[in-house]
Amino acid sequence: MDIIRKHYGAVKYERSERWLEAEQYLFYFPPLRFNRFLLFPAALLIQLSVGSLYAWSGYNLPIEAYMYGRNGSIDRNIASNIFYVAIGVFGITTAVMGPWLERRGPMLGCMLGAVCFYTGNLLAGLGVYTKHIELIIFGYGIFGGIGLGVAYIAPVSPLQKWFPEARGIAAGVAVCGFGGGSIIAPYSQKFLIGVNYHKTGEVGIVGVPLTFVILGSIYFVAMMLSALVLRMPPPGYTVKGITVDTIKGAEGYQSKPIVVAVGSAEDSKDILDQKDVLEKINIEDAESSNSSKVGADTNIFAMTLAESLSSSEYWFMWFMLLGSQVTGLVIISKIQSIIQNQFKRNAETAALINSLLGGCNLLGRLVMPLISDVLPHVTGGVAGRKSIFLFSLCTQVVCLSMLPSIVDNQQLNGFLGCIFAIAFCYGGSIGTIPAFLADQFGAKNVGATHGIILMAWATGAVAGGLTFTQVLKQEQIKYAPNIVPIYNLNFRWLLGPVFFGLIACILVKTNLRDRRLPCVEGEVLRLRFVNGRMLRFYRTGRIHMLSKHEEDREWSEYLRALGH
């Protein structure tokens, strides 16, 4: 337990003065100077590489045809399980390695991810060649999943720290390439494997095994070169008064620097015990110097990683993300099979639709985070990043409700409209979540909070995907030989987690006053009404809407109690 507590405790990235000076240059020596905007193309290349995971559905039929023989392009639901294993390992990796990356830096994290992902691709190619599914699972599922997880979060944390004034677009660009991977990868896979290989056995340029080797090598080079650009901002970095500690709504509430002499770790602990919440500093910081600034450049509402992870808002956001992701994940993994089997289109059309789906995913990752930056300004603070998730979840509820009848009636255009809307909302949610986390808990914690919350994404993929597959197998038996309606039950049960995520989203408190004002006697719940005023719910059943004057008075008294 001590190891776990220490791992998820304070995160601090330390660099020598010499290294900080070197980081002023793009390649760590003169003459090219580093510019924070160079992080965007580096992040894009990294995410395009690891985003090839989204094109795994293009491997399902060719792998099964190579290993088990052609069967008329019927999905055996064997190779698709590797996708779920990779995502499961991906989620565990981000949760475990998030704090490590904050301590070691994004460059090292990305390089580790590149090596693991490359190894996974090589082992997958060998597994296909030798016809051992276990080796593919171990290679791409385990090694590849580890590499995917570390590399995915590597550019997110530095972008949130370098662009605190534009967290939404920084988050969107950081992860948009992951959606873009499914635009490019399906065509490169078909070109190398053979467009109709699973039907006719006709090999393209190199066939299935070597496709993993060639694409894996390209991804490795792109990721290693991009890793050199990644770095954290220097200590004390501030943009428009916003630091890595600042949470949304707490701008301007900075604590006053207090210089204290520190003789030892024990002395520092005694001093800390005498300070109130405004002057908290981690004991590790006090130990690092004989003269430390307590509370210097620290926001009075700054949260430690432990405080962030133990808050109710964090876990409501966890379930909110789970609900917003599960539908997109299972549809992405099956889209090419659905297009070919349910709607009787050819492989080229299926690959095209898979790419268009990836385009919607990518567009959502860019557009919705950008809107989340703009919304507070145009609505006077009434709407923000939470509104993005409310829109996403409501849209998915509507689309899932319509899909069974659309498939039964073979309305391809209606089906495409629904899945493109789901993909857009799916991408928008995953693109907005890093900025939402930075708003709620501070950019300094975003590497760890983002890593752990991606377990919700992985849970949706693994639990949702395996349930989806099991239900699909039962429906195939039930409706054989008619395969058109076999996905309808899956579309219906997916409404459950999406609706649950919607409830969790409603319960997330985003207003600083809602989060920090102490509860009054008998209060059990508080929500922010659409007119911006606070609603209090009491045990007695009474509901009270505070006037602006009442709320301002309570807030002023609270700040005075804190000494601000």
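Glycine is no exception: its Cβ is also placed from the backbone N, Cα and C atoms.
Annotation source TrEMBL lists transmembrane segment at 37-57 (among others).
Using a Cβ-Cβ cut-off under 8 Å and counting only residues 6 or more beyond its ends in the same chain, the transmembrane segment (78-100) has close neighbours at 7-8, 11, 53, 56-57, 59-61, 63-64, 68, 109, 133, 136-137, 140-142, 144-146, 148-150, 152-153, 305, 329, 333-334, 447-452, 454-459, 461-462, 465-466, 469. The feature transmembrane segment is assigned by TrEMBL to 78-100 (among others).
Residues or ranges marked as transmembrane segment by TrEMBL: 106-128 (among others).
According to TrEMBL, the transmembrane segment annotation covers 135-154 (among others). Remote same-chain residues near the transmembrane segment (135-154) are listed as 46-47, 49-50, 53, 63, 79, 81-82, 85-94, 97-98, 101, 106-107, 109-110, 112-124, 126-128, 175, 178, 212, 223, 227, 230, 447, 450-451, 454 (criterion: CB distance under 8 Å, separation of at least six residues from the stretch ends).
Per TrEMBL, transmembrane segment is recorded for 166-185 (among others).
With a cut-off of 8 Å between Cβ atoms, the residues of this chain six or more beyond the transmembrane segment (206-230) that come close are 26-28, 34, 38-39, 41-43, 45-46, 48-50, 52, 59, 62-63, 66, 105-107, 110-111, 113-115, 117-118, 120-122, 124-126, 128-129, 140, 151, 154-155, 158, 185, 188-189, 192-194, 197. The transmembrane segment annotation in TrEMBL covers 206-230 (among others).
What TrEMBL records for 315-335 (among others) is transmembrane segment. When Cβ-Cβ distances below 8 Å are used as the criterion, the transmembrane segment (315-335) is approached by residues 54, 56-57, 75, 80, 83-84, 87, 182, 350, 353-354, 357, 361, 389, 392-393, 396, 400, 419, 422-423, 425-427, 429-430, 433, 436-437, 440, 453, 455-457, 459-461, 464-465, 468, 487, 490, 494, 497-502, 504-505, 507-508 of the same chain, each at least six residues removed from its ends.
Away from its own ends, the transmembrane segment (388-407) comes close to residues 320, 323-324, 327, 342, 368-369, 371-372, 375, 414-415, 418-419, 421-422, 425-426, 428-429, 432, 436, 484-485, 487-488, 491-492, 494-495, 498-499, 501-502, 505-506 of its chain (Cβ-Cβ under 8 Å, at least six residues beyond either end). Per TrEMBL, transmembrane segment is recorded for 388-407 (among others).
Residues or ranges marked as transmembrane segment in TrEMBL: 413-438 (among others). Packing against the transmembrane segment (413-438) from elsewhere in the chain are residues 156, 160, 164, 167-168, 170-172, 174-176, 178-179, 317, 321, 324-325, 327-329, 331-332, 335, 343, 353, 356-358, 360-369, 372-373, 385-386, 388-389, 391-393, 395-396, 399-400, 402-403, 406-407, 445-446, 449-450, 453, 457: each is 6 or more residues past its ends and has a CB under 8 Å from a CB in it.
What TrEMBL lists as transmembrane segment is 450-471 (among others).
Taken from TrEMBL, the feature transmembrane segment applies to 491-508 (among others).
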Exercise for the section: Take a look at 37-57, 106-128, 166-185, 450-471 and tell me which one has the most Cβ pairs under 8 Å to the transmembrane segment (491-508). Expected result: 450-471
Handout entry: For the transmembrane segment (106-128), distant same-chain residues with Cβ under 8 A (at least six beyond the ends)
Key = 46, 49-50, 63, 66-67, 97, 100, 134-155, 157-158, 208-213, 215-217, 219-220, 223-224, 226-228, 230-232
